[in-house]
Amino acid sequence: MDRIIEKLDHGWWVVSHEQKLWLPKGELPYGEAANFDLVGQRALQIGEWQGEPVWLVQLQRRHDMGSVRQVIDLDVGLFQLAGRGVQLAEFYRSHKYCGYCGHEMYPSKTEWAMLCSHCRERYYPQIAPCIIVAIRRDDSILLAQHTRHRNGVHTVLAGFVEVGETLEQAVAREVMEESGIKVKNLRYVTSQPWPFPQSLMTAFMAEYDSGEIVIDPKELLEAHWYRYDDLPLLPPPGTVARRLIEDTVAMCRAEYE
């Protein structure tokens, strides 16, 4: 339940509006509310980090509003809480009125939800499940440059899960659609909340089965097999894509060195 911020309130401050995050001096604000001119604003505690509260403040600041990507180098737990704040702020902003009857909505006091004051419909934050998969072929890994990555970064394949589809089916479909190959021996690795804007990445490793690379030009600029010790520019540390690549490299080194 949200409340008015008082002078001595302290902690981490996730100040967000329209999927942007307030980052004075390029950092997530930490300290007393008065130091950031937040006294009198409404805040909702969305978690704790290292014993300190993490607050969500739905507010637009004139300066220093940036992307949550700018804090990806934070500790994983704090980055996830910052992402939670940005996603919740957008959820509350976009669910002021009921999609069924049009009446005004209000936030639940017990969970992350919005409730209709008229028809009692209940809405939850949207989460879009995605798959991401590292594909190994002997001593090489399949890496691709996506059309949305114009900075030369090469990464593993990924895509959204479709309605009525299992995660395993999504992997097989996305890999075939984007690269034209089939995979086998699929193994789940980990997951990562990814607030761009509201994804949940489910990460897998797989082995090459059959087929030749034929890219989907709408999705990829190129895709190639890269030997584990001769890789192109990779995604930054802290991303699940980077972890998948590093795990694959470690497996190759254990087998070929």
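In case you wondered, yes, glycine gets a Cβ from its N, Cα and C as well.
Swiss-Prot lists LYS25, ARG69, GLU111, TYR124, GLN192, PRO193, TRP194, PRO195, PHE196, PRO197, GLN198, SER199, ALA241 with the feature substrate binding site, giving sequence analysis as the kind of evidence. The Cβ of GLN198 (substrate binding site) lies under 8 Å from the Cβ of GLN87, GLU90, PRO125, GLN126, ILE127, ALA128, each of which sits 6+ residues away along the same chain.
Per Swiss-Prot, Zn(2+) binding site is recorded for CYS98, CYS101, CYS116, CYS119. Secondary structure at CYS98 (Zn(2+) binding site), taken from DSSP and collapsed to helix, strand or coil, is coil. When Cβ atoms from all protein chains are considered, those within 10 Å of CYS98 (Zn(2+) binding site) total 20, not counting its own.
Taking Cβ-Cβ distances under 8 Å and a sequence gap of 6 or more within the same chain, the neighbours of ALA158 (divalent metal cation 1 binding site) are CYS130, ILE131, ILE132, VAL133, GLU174, MET201, ALA241. In this structure, ALA158 (divalent metal cation 1 binding site) is part of a beta strand by DSSP. Swiss-Prot lists ALA158, GLU178, GLU219 with the feature divalent metal cation 1 binding site, giving sequence analysis as the kind of evidence.
Less than 8 angstroms from the CB of GLU178 (divalent metal cation 1 binding site) sit ALA144, LEU157, GLY159, ILE215, ASP216, GLU219, LEU220, ALA223, each of them six or more residues away in the same chain. Among the features that Swiss-Prot reports, divalent metal cation 3 binding site is placed at GLU174, GLU178, GLU219.
Per Swiss-Prot, the feature divalent metal cation 2 binding site maps to GLU174; the stated evidence is sequence analysis. DSSP assigns GLU174 (divalent metal cation 3 binding site) to a helical segment in the three-state reduction.
Among the features that Swiss-Prot reports, domain 'Nudix hydrolase' is placed at 125-248, with the record citing sequence analysis.
With a threshold of 8 Å between CB atoms, the same-chain residues lying at least 6 positions outside the motif 'Nudix box' (159-180) that come near it are 128-131, 133, 135, 142, 144, 186, 188, 199, 202, 204, 206, 211-216, 219-220, 223. Residues annotated as motif 'Nudix box' in Swiss-Prot: 159-180.
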Neighbour-count leader, CB within 10 A, binding-site residues: CYS116, ALA241: ALA241
Overall pLDDT of the domain 'Nudix hydrolase' (125-248), taken as the mean: 96
Residues that sit under 8 angstroms from PHE196 (substrate binding site) by C-beta distance, when 6+ apart in the chain: VAL68, ARG69
Secondary structure at GLN192 (substrate binding site), reduced by DSSP to three states: strand
Cα-Cα distance linking TRP194 (substrate binding site) and CYS98 (Zn(2+) binding site), given in Å to the nearest integer: 26
